[in-house]
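Undergrad: Can you keep this structure in mind? I'll have questions shortly.
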Amino acid sequence: MAGCSSHVALAYEDAYTYLHHPAVIIGGLFALVALILSLFLILQHLRFYTNPAEQKWIVSIVFMVPVYATESVISLWNPRFSLACDILRSCYEAFALYSFGRYLIACIGGETRVIQLLENESRKRLGKLLLERGEGGEEEEEEKEEEIHQKSFCNFFFRPYLLGEDLLTIENFGLVQYMILKTLCAFSALLLEVFGVYGDGEFKWYYGYPYITVVMNFSQMWALYCLVQFYDATHERLRPIKPLAKFISFKAIVFATWWQGVGIALLCAYGVLPKHGKMQTALQDFFICIEMAIAAVAHVFVFSAEPYHFLPVSENRKGMVSAETTKATLKVEQSNEEKPAVVEAPGTSIKESVQDIVVEGGHRVVEDVVLTINQAIGPMEKGVTKIQETLHRKTEADNHHEESELEVEDHVEQHLLASESHSELHV
């Protein structure tokens, strides 16, 4: 039996050796296509960086393709770097998901505009809901409104448009918690691998892989669900940017590659695919190289820089990156219909564009991470405070009870002494 197992292992090793070099070449070609298309698109956005609020997040999203392609080729070429590459890929994947959420907010007009939109939609839907439940006095209407707001947890799943500003808070929390957990799990995997208890692809209780997979699966699904609920409440305002195509192309990279890796691990665990460490990671890396080339082509159309080449004449240019000296041309429509005139956007400094992305984007990320941590710690602090108050009250009650018992004992003792003294006097 042992000899048969060794023969199978040798056969898999020979197959891996035979297929490895062609796979590296083919995967490298696909990765090169992905790099060229993605970097060209990024340079276009940096060259015409006319809407920093949106484009800083577009660049972050598109840059995910070069990151995935480069790390997958390196891991495919040398499996010893597979874990390090996977950690970097995981960290950037979480940041890209956060960037996509920020991009949707920027397309609506920023957080202030989103809050106004959500609050207006909440009031409008709430009024319709109250009318559907029947007319009544002011007290009854207030009671109905309070009852609806009290079911905020259920509303998030079934009627997110009633939450108003809270929906934006939940969406931000969902995306940032995924970014934090993904990063922590990635470095936990590295630490477990150092001690030899990670077991990549092994669904056994004494390895860390299945537990990290469960945590990441839950966190990922929650982040995606928050994003879907936010899209459901704002899709009318997002229609001009065709959000569905962007959502699908992004989801295909982030979530499909994750489930692809889990699926390959499961197939290897059940013996459908060869249970060989190098073969398992090589399959995942090879597929990602091909998928990144497809994603890069999709991004050229979905996240095109062309809409940022022209701006309305009345566009407020405040806050934009300073432009290089170029000649702007005014384009006026030759038709009877009234259409806003547009100005060809002057080219911008790539150095300043990158600086804005790094500084402003990084500042925004830090703010959201700190806010999310505070939001997570807040309920814990309240819970600890409540426990301490309960224990304090219980201690005070116990002390009061002990004091009462001592007073009763003293009273009884005094009564007995008085009785004895009275008896002696009587005698």
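Cβ atoms here come from the backbone N, Cα and C positions, even for glycine.
TrEMBL entries are annotated by machine, without manual review.
I grabbed these lines from TrEMBL:
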TRANSMEM  23-45  transmembrane segment
TRANSMEM  57-77  transmembrane segment
TRANSMEM  179-199  transmembrane segment
TRANSMEM  211-231  transmembrane segment
TRANSMEM  252-273  transmembrane segment
TRANSMEM  285-305  transmembrane segment
Undergrad: Excluding the flanking five residues on each side, which residues at least 6 beyond the ends of the transmembrane segment (252-273) place their CB within less than 8 Å of a CB in that stretch?
TA: 64-65, 68, 93, 96-97, 200-203, 209, 213, 216-217, 220, 224, 279-280, 283-284, 287-288, 291-292, 295
Undergrad: Should anything in the same chain at least six residues away from the transmembrane segment (23-45) have a Cβ under 8 Å from its Cβ atoms, list it; otherwise answer none.
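TA: Distant contacts of the transmembrane segment (23-45): 55, 58-59, 62-63, 65-66, 68-70, 72-73, 76-77, 282, 285-286, 289-290, 292-293, 295-297, 299-300, 303-305, 308, 350, 353.
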Undergrad: Quick one: find which recorded stretch in 179-199, 211-231, 285-305 has the most Cβ pairs under 8 Å with the transmembrane segment (57-77).
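TA: Between the candidates 179-199, 211-231, 285-305, the best contact partner of the transmembrane segment (57-77) is 285-305.
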Undergrad: Please report, as numbers and ranges, the same-chain residues at least 6 past the borders of the transmembrane segment (179-199) whose CB is under 8 Å from any CB of it.
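TA: Distal contacts: 83-84, 86-87, 90-91, 93-95, 97-98, 206-209, 212, 215-216, 219-220, 369, 372-373.
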